[in-house]
């Protein structure tokens, strides 16, 4: 991670540390910039006593949490720095007296989101960047600072994870290479499939399949897709399981792994088109054992994007094509 990226994030962490009383952390965004917060919500709730809620921006605006106020920390994200709903949420949070931290693509520095926030940090975006400077890694570095602040008993673990941020780029590159042919094969086999693509995960991994389904498949490929929480699979969605219905099932490495294993075991009994992405099989190289469980989700996001990228290539449908988004008022 570049020194300037790290310095910005450390300043944001320091702003939280300086706040005398905090009773709630809100994580606010739209689309992928909402889903990217899901693992942060998971880990802050799992490993600290700080109540944390990820909420889509316009729900935050129109059904504003009653507890929002001077003892709140609100973190907002918009890739462009100009998503209207998220800018409005940032402004609202400041008006309520919360400490408001925003983050966005470095190319959007100075955008409305940054102007409305108390403090901001930025990430880098593109095919050629070191992934330790990317969106997820930047957010995770910030998350470890919060975990350390709210759960000082495990400070050493979080400090080690912050040190391991520099290894993210090499780890992601290694696993992309390992998965490239498998992703190619999957895309080639499904390039003409026009039914519903189901993805499934739980715990800290659920945000990644949400992004895959809603952003990569629906938004960028115009394909029907649904992200199912593994814990909800047996409460309705499993009735959609059939021999030729494609499922991508993620088996995470956090405390919810059993949910994924149970769902996979049932799905494979009745479906012949199941791809399992087991985060335990990722090559995390020389990262500390305690860091691997966190950073596996960044690898997962990269592997899922690789699948969608190959599918886009075989279908001749670029990620940048839109029918409505950015093309009209809505």
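Here the Cβ of each residue, glycine as well, is placed from N, Cα and C on the backbone.
Here is what TrEMBL says about this protein:
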DOMAIN    15-167  domain 'SIS'
TRANSMEM  195-213  transmembrane segment
TRANSMEM  293-312  transmembrane segment
In the same chain, who gets a Cβ under 8 Å from the transmembrane segment (195-213) while lying at least 6 residues past its ends? 32, 35-39, 42-43, 223-231, 233, 237, 240, 245-250, 252, 254-257, 259-260, 263, 267, 279, 294, 297, 300-301, 304-305, 307-308
Quick one: average pLDDT across the domain 'SIS' (15-167), no decimals. 98
